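J.: Can you read through this structure? Questions will come right after.
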Amino acid sequence: MEYLTHSLIAKSEARQIVNKLKAEKLSWQDGKKTAGSHASEKKSNFQLDKNSKLSIKLRDIIVNKIISNPLLKSFTLPSLIHGVMFTQSLAGHHYGSHIDNPYMPSGRSDLSFTLFLNAPEDYEGGELCIQTINKTEKIKLSAGEMIIYPSTQLHSVAEVKDGERHVCVGWIQSYVQNNEDRNFLFGLDAGAKGLLAKHGRSDELDLIFQAYSNILRRLGD
């Protein structure tokens with residue numbers, strides 16, 4: 001499984017978002033409302049109403065941060081970032097093993113992301129657990145850091161034992177649906193840009209960029 005962790009926002013900005021979320025008293029809903037039929041009984045958390053003014057404002061900030069980041073754009077090749085929501089998990093809350101719906105009302109889920117908004121020492125437990133063939137990856141990042149991983153993977157959120165866990169989650173519909181194809185293009189793009197930075201433009205490098213663009217045309221939606 002290929003996944004990417006990256007610092008999306010500063011810790012100070014993440015702290016400001018958490019403070020705004022804590023000040024919002026009336027717009028929190030039971031997280032079961034947005035879970036698929038197979039996952040609703042496994043889910044316990046609170047989610048900010050997607051239609052609230054605060055949710056819309058914060059969602060736009062996060063989406064703009066993602067699409068303006070060259071590394072994230074290269075890794076995800078996003079055609080649509082959708083379903084973005086803010087969640088709060090208190091002591092006893094968890095989300096059992098599940099897989100994200102392939103098609104949601106807002107779009108197709110090729111990649112999933114979790115942006116951690118508060119510091120790992122603020123809560124005990126609450127790790128994002130991504131299952132692979134041989135092991136389970138347990139992810140708990142610093143405030144402002146995010147993980148992007150294939151939506152094809154089974155995953156869960158460990159029970160929060162103490163404190164509060166605040167995250168932003170969402171999904172990415174990519175121009176290239178297949179994970180292996182997307183990872184191949186990411187490596188090709190990273191290598192070409194590295195050569196450009198180290199050696200400057202050349203006719204040979206132009207051929208690599210041409211190949212990348214034409215492969216993307218062939219593989220893309």
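A Cβ is built for glycine as well, from the same backbone N, Cα and C atoms used for every other residue.
Pulled these from Swiss-Prot:
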- H98, D100, H155: Fe cation binding site (BINDING)
- R165: 2-oxoglutarate binding site (BINDING)
- 80-174: domain 'Fe2OG dioxygenase' (DOMAIN)
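Tell me what's around each of these sites.
T.: DSSP gives D100 (Fe cation binding site) a coil state; it is part of no helix or strand.
Non-local neighbourhood of R165 (2-oxoglutarate binding site): T87, Q88, S89, H93, N118, D122, Y123, G126, each in the same chain, at least six residues away, with C-beta under 8 Å from its C-beta.
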J.: Quick one: among the binding-site residues H98, H155, which has the most Cβ atoms sitting within 10 Å of its own Cβ?
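T.: Counting Cβ neighbours within 10 Å, the top one is H155.
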